[in-house]
């Protein structure tokens, strides 16, 4: 019989693979930026926010906080590196220099904030239970905000009766990712991974239902290029996937 730990690790590896795919989802955006050598109307905020989310989940998965959570650390470490690469590309091609200062200040603020959380966690809380509770609350707050961010797209879908700006593969990947990490949290109960990813699975399912409902009413543009500012991925499509 397969042990619970083996099953959990297997599910976690699947979750890592799906999450890795989601972390790669902005690649077409940055390919466009590199090709045009201009950031155009794209904004760096989703990627700056994802950096902080990854930092929190990496910290959460360390042995000093949550033992036996290496798979949480691995995928968010990969995500952190990718997000920093995306931001580097953004800053390099920011011709009008509108976003570089925002990125720099945002990352600086995140480092200071994260350092404060680390210091408080290690100095004020001396048991795994208390540290998990303190750090886990912050992880869930940021993860839920990022999972909920597609609601702006949902509103657009309902208003326009079109799924043009809600790619099916991303909605499906969001749903599967939420389900896998929910299962991971249930095998060896982890309330913080469970809460945010349970909601993530629900939001992903909501997008799939809307996609099925409005697919036929979506206008066909015959390959017409969409304004980049309209197809930019929402925060949750680049967010930490744990």
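Think of each number as a place in line: the chain as shown, counted from 1.
Each residue, glycine too, has its Cβ placed from N, Cα and C.
The annotation transmembrane segment is assigned in TrEMBL to 12-33 (among others).
If you look up TrEMBL, you'll see 45-65 (among others) marked as transmembrane segment.
Among the features that TrEMBL reports, transmembrane segment is placed at 71-93 (among others).
Here TrEMBL flags 105-126 (among others) as transmembrane segment.
Marked as transmembrane segment by TrEMBL: 132-154 (among others).
Here the transmembrane segment (166-187) has long-range neighbours at 4, 7-8, 11-12, 14-15, 18-19, 21-22, 25, 71, 147, 150, 153-154, 156-157, 193-194, 197-205, 207-208, 210-211, 233, 236-237, 241-242, meaning same-chain residues at least 6 beyond its ends whose C-beta is under 8 angstroms from one of its own. Summarising the annotation, TrEMBL assigns transmembrane segment to 166-187 (among others).
What TrEMBL lists as transmembrane segment is 193-214 (among others).
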Taking the transmembrane segment (71-93) as reference, the highest number of CB pairs under 8 angstroms among 45-65, 105-126, 193-214 goes to 45-65
Cβ under 8 Å to the transmembrane segment (45-65), counting only same-chain residues 6 or more beyond its ends: which ones? 26, 71-73, 76-77, 79-80, 83-84, 86-87, 90, 102-103, 106-107, 110, 113-114, 117-118, 121-122, 128, 131-132, 135-136, 138-139, 142-143, 146, 192, 232-235, 237-240, 242
